[in-house]
Amino acid sequence: MNACLVGIWLWLPLLFTWLSPEVSSSWWYMRATSGSSRVMCDNVPGLVSHQRQLCHRHPDVMRAIGLGVTEWTMECQHQFRQHRWNCNTLDRDHSLFGRVLLRSSRESAFVYAISSAGVVFAITRACSQGELKSCSCDPKKKGTAKDNKGTFDWGGCSDNIDYGIKFARAFVDAKERKGKDARALMNLHNNRAGRKAVKRFLKQECKCHGVSGSCTLRTCWLAMADFRKTGNYLWRKYNGAIQVVMNQDGTGFTVANKRFKKPTKNDLVYFENSPDYCIRDRDAGSLGTAGRVCNLTSRGMDSCEVMCCGRGYDTSHITRKTKCECKFHWCCAVRCQDCVEALDVHTCKAPKSPDWAAPT
């Protein structure tokens, strides 16, 4: 075997390590783990040592993160509800989403961003609600300040989002920082974009004091917006995600297509094009769209033509009970009648088996 072939064989393991990353965010599985904090910390697979240390040291924060997993997965499913891939989760898989996130696609970019944002939101909310020993309301929001409406006093409980961001960065990014490959850098970038998205919608709320609400004095505080705003924002970033390649020294990205702008810290980035998600593909992590409900009158992604990938659809005639003819009665009730509504439900056909697979 010549020296060239020897060199190729030596580099192949490194090449496959570079191109075939594992799904690193095993902490997502905390949603499905119950019991004491020690049991949880020791039984969530894939946590690195720093994550386990934080888990043992801050069991109350871990409970908040675990509750937050349910919230951001529901938000992910809401955003993808009309798409072929609908952010479906797998209860028995510690990666939560299965093999679909092994591909460095824009779906992976969104999930890492929304999960990181969900941790910030969950921790910050728990701080304000007095559920955590390590934090409370934002200690910096004290005294008097000014805005375009004049002078006001900081009061109430300002959301301590800086603590939420700091803890989320330390916990969520810990495993990625141990890696030096392209996927780790992609995940770190999208994690940061998710954290920044939550802070983007931090808003100032105020209460007036004075005779007849004259607002002689104002008390203000900072509050996070509903998580739906963060989800909607990251959905727009998903649709505008930028495909990138590693730069020559392996420390950052450059755009794959020179016609597109360089990604900012707020943008989502990805390396690989997405599969079409039309058929069940175990290796790609795709569940396919057979049996999915589609919209016969839509022209969007939820249309029967797009959702069913041209395979056609089945129509079922169903009835359901609804409230109708509602009337307001003084005071203070709304009374409705029970009505039966008939409607058609359209579901995607399964792919046809090839002729050679048909029974004889």
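Every residue, even glycine, has its Cβ placed from backbone N, Cα and C.
Database features, via Swiss-Prot:
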- 1-25: signal peptide (SIGNAL)
- C76-C87: disulfide bond (DISULFID)
- C127-C135: disulfide bond (DISULFID)
- C137-C157: disulfide bond (DISULFID)
- C206-C220: disulfide bond (DISULFID)
- C208-C215: disulfide bond (DISULFID)
- S212: O-palmitoleoyl serine (LIPID)
- C278-C309: disulfide bond (DISULFID)
- C294-C304: disulfide bond (DISULFID)
- N295: N-linked glycosylation site (CARBOHYD)
- C308-C348: disulfide bond (DISULFID)
- C324-C339: disulfide bond (DISULFID)
- C326-C336: disulfide bond (DISULFID)
- C331-C332: disulfide bond (DISULFID)
- Query: Measuring Cα to Cα, how many angstrom lie between C137 (disulfide bond) and C339 (disulfide bond)?
  - Reply: 49
- Query: Among the disulfide-bonded residues C135, C157, C206, C215, C326, which ones place their C-alpha within 10 angstroms of the C-alpha of C308 (disulfide bond)?
  - Reply: none
- Query: Quick one, of the recorded positions S212, N295, which Cβ has the fewest other Cβ within 10 Å?
  - Reply: S212
- Item | Fewest other C-beta atoms within 10 angstroms, as judged across C324, C348, which are the disulfide-bonded residues | C324
- Query: Per residue, counting other C-beta atoms within 10 angstroms of the C-beta, which of the disulfide-bonded residues C332, C336 reaches the highest number?
  - Reply: C336
- Task: Count the Cβ atoms, other than its own, that fall within 10 Å of the Cβ of C208 (disulfide bond), considering every protein chain shown.
- Result: 13
- Same chain, 6+ residues apart, C-beta under 8 Å of the C-beta of C206 (disulfide bond), given in sequence order: F152, R218, T219, C220, W221
- Quick one: of C220, C308, C326, which of the disulfide-bonded residues has the smallest count of other CB atoms within 10 A? C326
- Could you give the Cα-Cα distance between C336 (disulfide bond) and S212 (O-palmitoleoyl serine), in whole Å? 39
